[in-house]
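Data block below; observations after.
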Amino acid sequence: MNILSMTYEKFVQKIQELGLEKYRADQILDWIYKKHVFVFEQMTNLSKQHRSLLRENFCIQIPKIVSKRVSSIDKTTKYLYELSDGNTIESVLLFHEGYATACISTQIGCPVKCSFCATGQSGFVRNLDAGEIVSQILAIEKDSKQTVRNIVYMGMGEPLLNYDNVIKSIKILIDKKTKNIGIRRVTLSTVGIPEMILKLSEERLDLNLAISLHASTNEKRDQIIPINRKYSIQEIINAAKNYQERSDRRLTIEYILIKEFNDFDEDARKLAKLLNGLKVFVNLIPVNSTFSNFEKPAKWKINRFKEILINSGIEAEIRYEKGADIEAACGQLRIRNLLSKQL
């Protein structure tokens, strides 16, 4: 059993079933989550007998670093990890105002296949289990010697299509006995699966929800996000409203700006109208053209789009890519690795 896949309560139960006291579970989790010790033999406040018992019944699966790139611009660090079955995933460590943020993956590949995203181009393999999601945080902290303060579920994959494992991983990471990450420092990014957003509302987790909208009309969104043909923009907005009413959290809207596609004044006005009445913040993101045929709009046009939103009462900011020199955007490192193996 992988300890990283277990909630605190479940781990305590298993420890007690082995005849150990509850406080032993606390000691073990302290070694793992605070000291980043992943080998039972190195847990020196446990007896040899206890360490042997743990080794026979549990494992601590930490992914292997296949590749690591550090930006010379902003110290953003991109990791490519190999899992126990040989599949690879990506995680990114970012720095903002002195705080470390981990951007983590939830699936190997992605079934959504957004046309501007590198991850979808490599195909979908499988969901990550809760332990594989949690392990990314520990692997980042172990290597970087940084304490992750914020977590964004914004790496490879669509989190709401791996709902149970994602929610379980969040509950593990926010537990005071493990990472003790504040729930308001957790952000989940989704293209918008209405029924799953409604289900998330029932969790009462009050995490930050980011909707990857990227268009203000179904006609345009259908062209870049195929799943929109199943879930319309209005259905997504209605579900987001429900989430906001339950959580009282400001929503983040992610909007990729693509030259001469969704960057017109009319697009901005329609977006403002669509978001009217919601407490939202819009991240305007010039498209990354590395693995697509799309181009970034001119800076003046990006600024103009932002200005229209702000003048319409919508908070907005331009989010320029971090780690541009190391291809830190989702899926790029993995797809390069896959391509190299085919040569």
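From the backbone N, Cα and C atoms, a Cβ is placed for every residue, glycine too.
What Swiss-Prot lists as active site, proton acceptor is Glu90. Summarising the annotation, Swiss-Prot assigns active site, S-methylcysteine intermediate to Cys330. For Cys110, Cys114, Cys117, the entry in Swiss-Prot reads [4Fe-4S] cluster binding site. Annotation comment: Swiss-Prot describes Gly157, Glu158, Ser189, Ser212, Leu213, His214, Asn288 as S-adenosyl-L-methionine binding site, evidence class sequence analysis. Under the heading disulfide bond, Swiss-Prot lists Cys103-Cys330, citing sequence analysis as support. Positions annotated as domain 'Radical SAM core' by Swiss-Prot, on the basis of sequence analysis: 96-325.
Known features from Swiss-Prot, placed on the structure.
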| residue | record | Cβ contacts under 8 Å, 6 or more apart |
| --- | --- | --- |
| Cys114 | [4Fe-4S] cluster binding site | Gly120, Val191, Ser212, His214, Ile224, Ile225, Pro226 |
| Glu158 | S-adenosyl-L-methionine binding site | Thr106, Gln107, Cys110, Pro111, Val112, Thr190, Val191, Ile193 |
| Ser189 | S-adenosyl-L-methionine binding site | Val152, Tyr153, Met154, Pro159, Ala210, Ile211, Ser212, Glu254 |
| Leu213 | S-adenosyl-L-methionine binding site | Gly192, Arg221, Ile233, Ile236, Ile253, Glu254, Tyr255, Leu271 |
When DSSP states are folded down to helix, strand and coil, where does His214 (S-adenosyl-L-methionine binding site) land?
coil
For Cys103 (disulfide bond) and Gly157 (S-adenosyl-L-methionine binding site), determine the Cα separation and express it in whole Å.
12
At the level of the C-alpha atoms, what whole-angstrom distance separates Gly157 (S-adenosyl-L-methionine binding site) and Glu90 (active site, proton acceptor)?
10
For S-adenosyl-L-methionine, whose listed binding residues are Gly157, Glu158, Ser189, Ser212, Leu213, His214, Asn288, the greatest C-alpha pairwise distance in Å:
19
Assigned conformation of Glu158 (S-adenosyl-L-methionine binding site) - DSSP reduced to three states:
coil
Quick one: Cα separation, Asn288 (S-adenosyl-L-methionine binding site) versus the residue listed as 'active site, proton acceptor', in Å?
17
Let's check the environment of Cys110 ([4Fe-4S] cluster binding site): how many other CB atoms sit within 10 Å of its CB?
26
Could you tell me the C-alpha distance between Cys117 ([4Fe-4S] cluster binding site) and Glu90 (active site, proton acceptor) in angstrom, no decimals?
14
Which three-state DSSP class does Cys103 (disulfide bond) fall into?
strand
Secondary-structure category, per DSSP, in which Cys110 ([4Fe-4S] cluster binding site) falls:
coil
